[in-house]
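Visitor: To start, I am sharing the structure in question, which I have written as structure tokens.
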Amino acid sequence: MLLSVLLQAAAAGVGLSKLGAALGAGLAVIGAGIGIGKIGGSAMEGIARQPEASGDIRMNMIIAAALVEGVALLALVVCLLVLFL
């Protein structure tokens, strides 16, 4: 299936860089979603085990989620640059 997509892209004159940019953007979004899901799940588990530490756990969860989201945004920007330049 992937070979047929690559052959169609090559035949249509679309560069493989555009296909790679789309694939990279998709993988970046999927990775960020998985990462933020794991962060949230682990934070909820930690709060369930130690409710008195919920403030610290929540703060660390928000910082980690922001870092994961920042990396995903950077990956999307790089993919868009490859796509349009």
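Backbone N, Cα and C define each Cβ position, glycine as well.
Got these off Swiss-Prot a minute ago, pasting:
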type: SITE; residues: GLU69; note: site 'Reversibly protonated during proton transport'
type: TRANSMEM; residues: 19-39; note: transmembrane segment
type: TRANSMEM; residues: 62-82; note: transmembrane segment
Visitor: With a Cβ cut-off under 8 Å, give me the same-chain residues at least six positions beyond the ends of the transmembrane segment (19-39) that come close to it.
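Guide: Hits for the transmembrane segment (19-39): 5-6, 9, 61, 64-65, 68-69, 71-72, 75-76, 78-80, 82-83.
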Visitor: Under 8 Å Cβ-Cβ from GLU69 (site 'Reversibly protonated during proton transport'), six or more apart in the same chain: what's there?
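Guide: The list for GLU69 (site 'Reversibly protonated during proton transport') reads ALA32, ILE36, given in order along the sequence.
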